[in-house]
Amino acid sequence: EGTAGGGGSTPQGSRVDRKEGWLTSQILGLGPVLGNMSQAGPRIKHRVSYFHDAEAGQFYLGPSHPMKPHRVQLAHQLILGYELHNKMICFRPHRASDAEMKKFHTEEYVDFLLTINPDNMDMMSSQMKEHNVGFVGQYDCPVFDGIFPFCQLQAGGSLDGAAKLIDGSADIAINWSGGLHHAKRNEASGFCYINDAVLAILEMLKFFPRVLYIDIDVHHGDGVEEAFYLTDRVMCVSLHKYDGNFFPQTGDIVENGEGKGKYYSINVPLNDGIDDETYEQMFKPIIRAVMGTYDPKAILLQCGADSLAGDRLGVFNLSVKAHGDCVAFVKSFNIPTLVVGGGGYTIRNVARCWAYETSLCCDTNVSNDLPWSEYWHYFAPSYQLHADLRPKEWAYAENRNTQQDLDKIRVEVLEKIRGLQGAPSVQMKEMPPAFFVDMDSEDEDMLTDEQKRVRSMERAIYASNEYYPSRTEFRGAEEAAGGGGA
């Protein structure tokens, strides 16, 4: 393993001999890092904003393509079945404009996505090659019908979520359509066309001096790391499979950032088959140390579900419970958090995972027995939330992460975090304008009763073809806004 910035020696078991007990306490998951900032905050009731558009699950990348946007709709139906929508404020996200996307992506690339479609591909072959987009079955990022609206909904949900954290109306914002962390400034990559996470973080940086990006996808969050590789205002922490060959072939422990961003990229390379217990040994001490040292003022948590056992493209052995424990641990620090999706290619398990994590964000216990929905048959034969995630013909991958290797990685990462010696400061000026005009940002006193009623109802999710136990919450919202319910 590389030793840049840390130079940690190989530990014996889980102990490291140091004059100070700092490293040992972190390896064992004990005690504070730097004062009380490393400790999770008191339990509070979190205000949650949830962003979903039923159209986001209707796109289709091709019969052989592993990315199935329909997984978002499966998760949404479980969320409705568990009545979690009653615990959140639900919104239909705006469609991000090309101007919003160009805040990170090049003008040429965004204009290409706006123009390309299956009917004009033959005339745009050179641009397709330049932007790493191609034919279905030949490229990871194919051209498909509705490619730009697909990008608009994903990016819009994350930008809207960031806006809710900035204006203080939510403690947690959720956009399961987002988290497409591989997209680069001028090209698509790894099923990702527009990097909604980067766009959301850029928006958050207008208000928050430091933002922490945490990635628990099985693949390295290379697109986000690359975007912020030279700055200390964003710390990127990614736990992922790395052997030099596994996509995207980046994320070694020695990749730490450059310039002002030196040591603000934290990569935790893992091997095949890591299980619940060993993943927790890595995740919690490292995140606790980051919280104490970096003192983030906002978090973007990418919850790629391809780190679950039984994933079509993943190689880890995590359960839904362990994946959710990461979300619960981050949430316990009571820092404004945007929660997004990411990878995940066994869609019944993706739906289980994101529905469960929504319940955690809502501080709500849900039954292990899944609620009925029109997608009930997807969850056979167990019809349970915490089911055996593997198909019958699959066996759990062997855990190739030895305790000695894990301890060595953890020591090296913790030494680098300790070497940062506190949170960087930044002089904040008057907040720049938002990327988009949010209808919720208008002064309430300037609106007529009719405008208040329309605004309230337009932002609430309601589709005639979706299941809702009742419309009481919508009728109540209408009446509270001054309108007359039917």
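Glycine residues also receive a Cβ, built from the backbone N, Cα and C atoms like all the rest.
Keep in mind it's a predicted model, so treat the numbers as computed, not measured.
For reference, TrEMBL has these:
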type	residues	note
DOMAIN	65-359	domain 'Histone deacetylase'
BINDING	D140, G190, Y345	substrate binding site
ACT_SITE	H182	active site, proton acceptor
BINDING	D217, H219, D306	divalent metal cation binding site
Report the residues of the chain - excluding D217, H219, D306 - with C-beta within 8 Å of the mean position of the site's C-beta atoms, for the recorded divalent metal cation site, in sequence order.
V218, H240, G304, S307, L313, G314, G342, G343, G344
H219 (divalent metal cation binding site), Cβ-centred 10 Å count of other Cβ atoms over all protein chains shown, is 26
Taking the Cβ of D306 (divalent metal cation binding site) as centre, how many other Cβ atoms lie within 10 Å?
25
Compute the centroid of the Cβ atoms of D140, G190, Y345, then list the same-chain residues not in that set whose Cβ lies within 8 Å of it, in sequence order, for the substrate site.
P66, M67, H182, F191, C192, H219, F247, L313, G343
Out of D140, D217, which of these binding-site residues shows the lowest number of other CB atoms within 10 Å of its CB?
D140
Within 10 Å of H219 (divalent metal cation binding site) (Cα basis), scanning recorded positions D140, H182, Y345, I find H182
Comparing the Cα of D306 (divalent metal cation binding site) with the Cα atoms of the recorded positions D140, H182, G190, Y345, the shortest distance belongs to Y345
These are the recorded positions: H182, G190. Which one scores highest on other Cβ atoms within 10 Å?
H182
Cα separation, G190 (substrate binding site) to D217 (divalent metal cation binding site) (Å, whole number):
12
What's the CA to CA span in angstrom from G190 (substrate binding site) over to the residue listed as 'active site, proton acceptor'?
6
Looking at Cβ-Cβ distances, which residues of the chain lie under 8 angstroms from Y345 (substrate binding site) while being 6 or more apart from it?
P66, M67, K68, D306, D311, R312, L313, G314
